Amino acid sequence: MLPVCHRFCDHLLLLLLLPSTTLAPAPASMGPAAALLQVLGLPEAPRSVPTHRPVPPVMWRLFRRRDPQEARVGRPLRPCHVEELGVAGNIVRHIPDSGLSSRPAQPARTSGLCPEWTVVFDLSNVEPTERPTRARLELRLEAESEDTGGWELSVALWADAEHPGPELLRVPAPPGVLLRADLLGTAVAANASVPCTVRLALSLHPGATAACGRLAEASLLLVTLDPRLCPLPRLRRHTEPRVEVGPVGTCRTRRLHVSFREVGWHRWVIAPRGFLANFCQGTCALPETLRGPGGPPALNHAVLRALMHAAAPTPGAGSPCCVPERLSPISVLFFDNSDNVVLRHYEDMVVDECGCR
């Protein structure tokens, strides 16, 4: 029977699944959990238990769209691309207005207009290396009386309480309808680092008989691309993962389940609760190095090394190594330190197939 890996071994094997050039190596003093956080592109775990605000439906849809089990039914997923939004990216954040529930409406600057609001989006958790590819403002207005037919909404950059900034857009705003507007290139610059804060001034312009309304919801859907987490283009074979069978002790895929609860991350990781990382283990001696039907063909160099090792073992040369041949990605949905819902996509996290190299 194969030995059972301890918790530290689980973390170490998971780290070994990722290319060593993806991010800077962790200092030797780091523990397994801290090193894993760095590999996942997180400076630290959330310091406190989040409020567990409801996960927005759009984030669930994006997460399920990235689920490899569902993706194989249709067309293959493109690495570092958010298909549902049609943009490049590997990180999606749903950022609510940081003070909507407690911030009162401000008096209108012009007589005859409805009160105004200032919405603030905290983007301080975005890394400097990330580049925005979509910044979608989402607003919902509700009527305060039944005779409201709708309004015209003006969105401007906030300058100060006395002088509004430049107007970004002006759109019809029917009550109860979710309004969406792209702010990339206006409030959020394209191909540049994301600002720490986006502050917007909202103004309602009622019709001839319309009453004023209230701001019920305000959020920002931010998609960014972190090139450090994007692999080089390569040919992928989209086949079902399997735990290979073969003679005991030969090179094949072994099951390894990584549980976020065991690492202590279940309070802020929304989904998945864990995943099968798997790992490679076994010997690469002849004739096992020459894989049979259904397995990946060994390199000629690996076959030659196995043959030479069997005929005349050379000290220090050794036999071929059992390594991952095919890997697949996972996506993780979690709360960050600002209670934002974040979806991150990670390539090469699951070992699907092993071979001798």
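A Cβ is built for glycine as well, from the same backbone N, Cα and C atoms used for every other residue.
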| query | With reference to Swiss-Prot, which of the candidate residues Cys196, Cys212, Cys356 participates in the disulphide bond with Cys284? | reply | Cys356
| note | Disulfide partner of Cys251 per Swiss-Prot, picked from Cys196, Cys212, Cys321, Cys322, is Cys322
| query | Which candidate, Cys230, Cys280, does Swiss-Prot give as the disulfide partner of Cys354? | reply | Cys280
| query | About how far apart, in whole Å, are the alpha carbons (Cα) of Asn191 (N-linked glycosylation site) and Cys251 (disulfide bond)? | reply | 45
| query | Any idea what the Cα distance is from Cys280 (disulfide bond) over to Cys356 (disulfide bond), rounded to a whole Å? | reply | 10
| message | Can you tell me whether DSSP puts Cys322 (disulfide bond) in helix, strand or coil? | response | strand
| message | Using a 10 Å cut-off between Cα atoms, which of these disulfide-bonded residues sit near Cys354 (disulfide bond): Cys251, Cys284, Cys322? | response | Cys251, Cys322
| note | Cα of Cys322 (disulfide bond) to Cα of Cys356 (disulfide bond), in Å and rounded, measures 5
| said: For the disulfide-bonded residues listed here (Cys322, Cys354, Cys356), tell me which residue's CB has the most neighbouring CB atoms inside 10 Å. | reply: Cys356
